[in-house]
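Just below is one structure, and these are the notes that go with it.
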Amino acid sequence: MRVKIVSKPTSQLNNIIEKIKNISTKLGFEVVDKDFDYVIAVGGDGTLLRAVKQNKPVIAVKAGRRGLLMDVPVDKFEEALLRLKKGDYEEEEYMLLEMIYNDKVELGFNEVGILYDRPEAIKVGISFDTERVSVEGDGVLVSTPQGSSGWGMSATNSLLYKDLSAIEIIFVNPIFYYLRSVVIPPKPLTLRLEDKGYPQTARAVVDGEVVTLIKTNQEITVRVSQRKAKILRFFKLDLIGEVLHAYHI
């Protein structure tokens with residue numbers, strides 16, 4: 001079996017990456033950069049974001065400051081690989097979002113949306129089914145259940161359980177609104193940068209990365225992808241407990 005290791009290029013991880021490579025080789029795995037069967041994500045949630053988009057099953061090794069979805073401790077990595085060879089694991093599938101703009105499609109694991117570009121409020125129109133609403137503030141994000149434990153939680157203080165079939169529309173620092181988010185079934189929706197009487201630009205973001213700038217009256221479409229992110233689980237993932245611990249609740 002062939003594996004690819006994904007991690008941040010930091011000096012703090014050098015020894016851990018070397019250990020991961022040595023164990024993989026010892027157990028008969030070939031470490032490669034392409035034509036691989038599995039991805040080994042070593043780090044935290046940011047590393048996982050990159051790993052799941054490789055379109056292969058992911059082994060999530062926790063070696064970062066924050067890794068709510070990482071279940072394999074470094075000292076149990078060898079045990080995890082042995083169990084992989086035996087087929088002794090569970091495969092979890094996670095929702096992915098597609099952001100469509102200018103005939104391009106970007107894939108998101110946590111969230112996609114529109115955020116302000118300059119230090120001023122923007123007005124975002126939200127459309128799905130027969131609903132048409134506008135929210136003024138710092139922007140609007142559309143989050144997967146797993147994404148609600150990241151950026152979404154800092155904006156809403158709420159959590160969607162990881163295998164819930166729903167998406168969360170998050171209002172980022174809304175003006176004059178007490179409502180912080182709305183949870184809806186996984187259906188397509190449109191986000192539009194509305195006209196406030198003068199030209200504005202906003203950032204279209206996917207998993208915290210700016211993918212393009214949009215102008216007044218331009219829009220993006222968000223829908224649930226037919227693709228799923230696959231993470232192989234070897235140890236129990238106590239998501240709610242990890243969230244409480246991470247935020248010192």
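We number each residue from 1, going along the chain as drawn.
Even glycines carry a Cβ here, placed using N, Cα and C.
Here Swiss-Prot flags ASP45 as active site, proton acceptor, drawing on sequence analysis. Among the features that Swiss-Prot reports, NAD(+) binding site is placed at ASP45, GLY46, ARG50, ASN110, GLU111, ASP138, SER149, GLY150, TRP151, GLY152, MET153, SER154.
For TRP151 (NAD(+) binding site) paired with ASP45 (active site, proton acceptor), the C-alpha to C-alpha distance reads 11 Å. The maximal spread of the NAD(+) binding site, taken as the longest Cα to Cα distance among ASP45, GLY46, ARG50, ASN110, GLU111, ASP138, SER149, GLY150, TRP151, GLY152, MET153, SER154, is 26 Å. All protein chains considered, the CB of GLU111 (NAD(+) binding site) has 26 other CB atoms within 10 Å.
For GLU111 (NAD(+) binding site) paired with ASP45 (active site, proton acceptor), the C-alpha to C-alpha distance reads 13 Å.
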